[in-house]
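Feature annotation from TrEMBL assigns compositional bias 'Basic and acidic residues' to 360-375, 471-484. Annotated compositional bias 'Polar residues' per TrEMBL: 502-525, in sequence order. Here TrEMBL flags 81-246 as domain 'CSC1/OSCA1-like N-terminal transmembrane'. Among the features that TrEMBL reports, domain 'CSC1/OSCA1-like cytosolic' is placed at 270-348, 626-734. Per TrEMBL, domain 'CSC1/OSCA1-like 7TM region' is recorded for 745-1026. TrEMBL lists 1197-1270 with the feature domain '10TM putative phosphate transporter extracellular tail'. Annotated region 'Disordered' per TrEMBL: 41-70, 342-396, 467-538, in sequence order. According to TrEMBL, the feature transmembrane segment maps to 77-103, 164-184, 225-245, 747-769, 795-819, 840-862, 895-923, 969-990, 1011-1029, 1041-1059.
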Amino acid sequence: MSSTEADASASATESATGTASSLASTIASSLLSSAISASESISASTTTSDEPTKTSSGVGLGVTPSETSAADKDKGIGIVSFLTAVAVAMAIFAVQILLFLVLRNKLARIFKPKTYLVPERERTESPPSKPLAMLKTLWHYGDREVIEKCGLDAYFFLRYLKTLLIIFIPIGAVVMPILIPMNYVGGLGQKVDVKDDDDEKDAGTPTGLDTLSWGNVSPKNSSRYGAHLLMAILVVIWVCWVFFFELRVYIKVRQDYLTSAEHRLRASATTVLVNSIPAKWLSEEALMGLFDVFPGGIRNIWLNRDLSALLDKVKDRNKIHLRLEQAETDLIKDAKKAQLKQQKAEEKKRRKEMKLKAITKQERADQNARDDAEAQRLAQGASGTAAGDKHDVPHSVDAGVRESRHEVFNQDTDNHHEEDHKRSKGFKVPLLGDPLLKVGHGILGAVSKAGNNVDDTLETTNGFVGLSESTHVRTDSRTSDRARQPAPMDEDDLNSPVDTLRVNNLSRNTARSSAESTAAINPQPNRERPGKGGNTVRKIENIDEIYSKDEAKWWEFWKPPPGAYASPVPQGDIAPAFKQKKSNESKPLWQRIKYALPFVSPEIEEEPMEYPTAYNTEYKEDAEPAVWEKYLKKKHRPTHRLPMFGKTWLFPIPFVTRKVDTIYWCRQELARLNMEIEMDQQHPERFPLMNSAFIQFNHQVAAHMACQSVIHHVPRQMAPRMNEISPKDVDWDNMAFTWWQEWLRSAFVFAIVVAMIFLWAIPVAWTAALSQLDNLIRSNEWLSFLSKNDTVHNIAKAVSGVLPAVVLGLLLVLIPIILDFLAGFRGAKTGSQRVEFVQVFYFAFLFIQVFLIVSIASFFAASLDDLVHNVQKLQTVRDVLDLLAYNLPSAANYFFSYMILQAMSTSSATLLQLGALVMWYVIARILDSTARNKWSRNTSLRQVKWGAFFPIYTNFACIGLVYCVIAPLISIFAILTFALLWFAQRYAMLYVTRFEHDTGGVLYPRAINQTFTGIYVMELCMAGLFFLVQDEHGKNVCTPHGIIMIVVLILTILYQLLLNYSFSPLFRYLPITFEDEAVLRDQAFQRAQDQRLGLLDDDELTEEPDNNQYQEKAQPLENGQGIEMRRFGTIRRPVKQVGAWAKDGGNQIRKLAGVNKAKDKNRRASEYRRKHRQKDVEAQLAIGEALFGGIHDEIEDLTPEERDALVRHAFQHEALRARRPTVWIPHDDLGISEDEIRRTQEYSEHIWISNEGTALDSKVRVVYGRAPPDFSEIDLINL
């Protein structure tokens, strides 16, 4: 499967699963909230008011919320009523937890897929079956293990919940015992349990839980508010102190992670994305000469081209390919069903004529078993037919290296690819001669574990049939790719004249006309200049060239005075983009204006290309009868309507747009797109250069220095620069945006987000109005028909009770999706930037909508006119303080219920995964009909959208901090909330959720900074409350307290500013001081690797390092093998080669004692890996662990030259890396799939179609026994 196709299929499955799961969870929470509200009403014996609500033109249904906030409904709630509501929540929580405990040991695919469905590095041990033992395991799981298995984002999220517990446990232990007695004893109200019809409640006297809060202090005891002031100051100091040390820990953990030897091997550690590069510097030579000033020099440079047109073609091809695959599968299944129906009728007729009994259930079961066995044989075996395979999908690291280096030697290379293809037939056992040997077997086993004796689990395999034992035995005897090869050549062999000539000939034959289109075309990755310290300067013949010869006129005030130095000139030839720019300046005025206009500039237009016909124009579908015609009529073939005007982004209209045969139309379009895409990929120089580039340095410290340095002498040029860029995290759709496009889009997106944040209350209020059915009927005459019939009225009431929760859940789920879309529209270059954008604005949305609007709903009225009018009333700071002081305290009880509800519903829903259960056992069986769909569903685990995840819990923290002094009882609920969520999320992250992309933990400091919002609102509200306090004589006696709180607010703001000023440079970048320590860790790591691979002799293991000996400077090879393949002088023992250890994989310790010794070490490494893989396979066969079969996707298992070659290929544009997809159809006993493959091949040679590894079972369901033929194991490596 091509990387593009795999990403599209997997992302679609993950997106659908994630959205459905989130939607189910959100709706469940809303329904649970409704249940709790209903229980509160029942327990309090309340009735809905018969008074109709006011009408307003601001809401479509003519109903607005009550002038009092939703939180006021819980004002003065009695302890019994509150506990009753909590009991309902606990009952639902207990039911979900019970179901989880019952099912978790039976449904491993749902509740613990990370124990087998992920690569070995990410895999966790299966949790104990007993609940208490499981809790103990969760508690004792080490932080370092969490980082290793889940990444920094998951670790810091769990740490954030733990930090909140550290904050609220002392607050609860200190503040509650002091303030609750002061609030209650001698207070205005003393009734903790109260009914709604009590006179005291109607008179405004604090009752119920309000007796434990701020407002219950009697005016004669106003002096007690001094304790509240003291507690508020202590809370602020405690939170600030905790956050200070948390940021210190964050920096330390992140620095340790980034400087670990494993991470420094990755391309993301040394690669920088540079944007807004001026045309003059937009060439490989210019950038190389500019950035080689940093230590270690440059390793690779990728100039980005505007391949938007090609990328659009790739996306269209993916859609058409999946549609053709679906149509072919449907045709085969429909024909098979028709044949079975026909066979059944003939069998019944035959038995009737022969006067035999009808077929028994046992006979039918035996026949089905035989059909299933045959389907399993076809799915597991290597038999099958394929056509149109270009053999361009690398199924091993060696093939991937050859692909990236373009080492295609005519027939010789075709044989290589053919061998790779044959060895990769089905993911049966490891057949790859490299560290990815177990990838294919692992995927196959991963899926099979779901149905074959995995701790006695009971679960579906969604169409996967596991491998038989005979298959393993038969294929185990085969040798690996490297085992078949001769003994490894030494370096003299690699640098022999024959090999050098071969490489040179290849370079000449495969070089493209544009040398700077991608660095992968250049076979020499090492950019370091030997003997010059890495930095180079351009040569000049006349010293006068360094001075500017332009003489400014007296009126040209914007020019410098005469004699100034000339602007910096890049090295190398003049960049093509700069030549184009200069040539346009010499054109007539009207052409220059056209060149300057957006979207019509020649710079963004690729050169036209003529494409030949991609299919056989003389081919006739009806030239000979097809096999499917024996069972189906032509009208039964799959059809669809084309979109309007042929635009893919438009929708088709029934009875208007043209209807076409899906298979015939898709064949033609797929053939055309395959040919055009492949021709475009061969000529990337046709596409214009963009003003951005990826630059990979040899040393990690150089990348961080490049990001923090001022690179260009003109403002906003060569900026911004981003490091820690993973190839899989790049958003290629947005790489073509210019700086002015990003600015315009950012302004537009910001306006939309701000409007959405403040106006989202209108649809939320509309959903609330839906629940008031009787009021709606009275207020809207056109709804009166609902009350005329009792049955209709009861049904409407039932719907009105559920519909608001469902609609509200949908509205809440839509927000992160909309924000993620806006982040992409704004021009986010990476997935990490999308996540950070969503985190910022989603928190703002939640805090305003969930907290402020709920608390002061009367301010955010349902109509826009009322909202504008209320905003105009806020003239002074005192008005804002009064608004918060009057409204926030009365909402405390509502947030008691809200937090306990969220704690129980969210934690239990996280464990039970109702959405995943529905998707796996209901939706998957309905929608997943092709082998590819089922394979994608089986191998795609749930992922977390961190941008929408952090803000939810940050909002909880802010609510707790706002009320920790005003209503101290909230600390109990905050502690319970974060404790339950910590356990639930810890389980999900260790055993359920997979984390493919990681921001490196940068969301954590932002979450801490956002939590300060709760402190600020608490301080503002406390100040307002102090200003409102009056004693028994009506005097404002707490004004000094309010002033003190304002001062504390100012000091808190200054503290946060200083905190970020001090720590923010270290949030993303590494200091120089870590480089030396990182080198030492690289040395220790490489020695451990060499010992594990058997590369160290016994004497080397016992030899002590001599720190007084220094190695000679490594000189790069001249044949382009990369910086890792170096010759060394006499080496006693390596001590330090600054930064190079990370990229060289520690190979400086390689001793050139002789050719035989080098050969022997290579043989031992290969032998170790072969035995290790064989041992893993045997162990998996013995214990039934056939999942991801000990997959080795760790980058440290690759050789340095393999890493470099794969990285150079990975940073090419996604459109250039897209491979021809396979139309993967099921094998059938009627011969329809064989006939369709033959017909497709006759129609066009540009379509790859195959029925290998998939078949139909007795119930005409698609089963498969391998990954899709176009799947590449290389895509699993996290570079």
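Using N, Cα and C of the backbone, Cβ positions are placed for all residues, glycine too.
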Average the pLDDT scores across the domain 'CSC1/OSCA1-like cytosolic' (626-734) and report the rounded value.
89
Is the transmembrane segment (747-769) close to the transmembrane segment (795-819), in the sense of at least 3 CB pairs under 8 angstroms with a sequence gap of 6 or more?
yes
Quick check: do the transmembrane segment (1011-1029) and the transmembrane segment (1041-1059) share at least 3 Cβ pairs under 8 Å, counting only pairs 6+ apart in sequence?
yes
Can you tell me how the residues of the compositional bias 'Basic and acidic residues' (360-375) break down into helix, strand and coil by DSSP?
15 helix, 0 strand, 1 coil
Between the transmembrane segment (895-923) and the transmembrane segment (969-990), are there at least three Cβ pairs closer than 8 Å, leaving out pairs fewer than 6 positions apart?
yes
DSSP-wise, what's the residue breakdown of the domain 'CSC1/OSCA1-like cytosolic' (626-734) into helix, strand and coil?
49 helix, 19 strand, 41 coil
Would you list the DSSP helix, strand and coil counts for the residues of the domain 'CSC1/OSCA1-like cytosolic' (270-348)?
52 helix, 12 strand, 15 coil
According to DSSP, how is the domain '10TM putative phosphate transporter extracellular tail' (1197-1270) divided among helix, strand and coil residues?
28 helix, 13 strand, 33 coil
